[in-house]
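Engineer: What follows is a structure written as structure tokens; I'll ask about it next.
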């Protein structure tokens, strides 16, 4: 058996440490921007931390609770001095729980949560209403310093209006208090009345012809102005 060279181990250890550091940095850089929008990390006693620690295969990174695929399931932006959730907020549309308490939020948040169909717990400052109101949540509980919206309702099951969507469309939830009508397979256009696949070739052909016509018109106008000046 060949003698073991201690020098090779000395060389290997720093290399392995550098590799682990590089992988850690790469993972940190791969975090969605919303997770690092606010300095610090998820507070240990927050509901987001409790959800993440009591659900298997979830982990806390910065302000997010992620699964092993990197999908955001929890977001804790409490006490971040936010007047609005910010342009990256929709990166968290897969969340089950969000904490926004202790922020000076302003304006109506109704459309802020469009697409957040999995959201089940939303913690807001006490002065901010739950998006969609009582019709969008099973329970709304107000406390001295926050308001908790719990159990997002499926408005498509609660509207009681079968004529809300056209004949060839169906109702689909689109976030708290929001819904949309989606055309059935094979239908598209206004009120889902057009049948057959949407022709991209025709669309881009019309778009190209229109753009060309406008360009020629502008060019001719500029030449006319140049001649008269």
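Just so you know, glycine gets a Cβ as well, placed from its N, Cα and C.
Straight out of Swiss-Prot:
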| type | residues | note |
| --- | --- | --- |
| SIGNAL | 1-30 | signal peptide |
| TOPO_DOM | 31-199 | topological domain 'Extracellular' |
| DOMAIN | 152-193 | domain 'EGF-like' |
| DISULFID | 156-171 | disulfide bond |
| DISULFID | 165-181 | disulfide bond |
| DISULFID | 183-192 | disulfide bond |
Engineer: What does the DSSP secondary structure composition of the domain 'EGF-like' (152-193) look like, as residue counts for helix, strand and coil?
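Structural biologist: DSSP classes over the domain 'EGF-like' (152-193) add up to 7 helix, 13 strand, 22 coil.
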Engineer: What is the total of other Cβ atoms whose distance to the Cβ of residue 183 (disulfide bond) is within 10 Å?
Structural biologist: 19
Engineer: Do me a favour and check the Cα-Cα span between residue 183 (disulfide bond) and residue 165 (disulfide bond); whole Å is fine.
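Structural biologist: Rounded to a whole number, the Cα-Cα distance is 9 Å.
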Engineer: How big is the Cα-to-Cα gap, in Å, between residue 181 (disulfide bond) and residue 192 (disulfide bond)?
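Structural biologist: The separation of the Cα atoms works out to 9 Å.
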Engineer: Suppose we draw a 10 Å sphere around the Cβ of residue 171 (disulfide bond). How many other Cβ atoms does it contain, all chains included?
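Structural biologist: For residue 171 (disulfide bond), the 10 Å Cβ neighbour count is 18.
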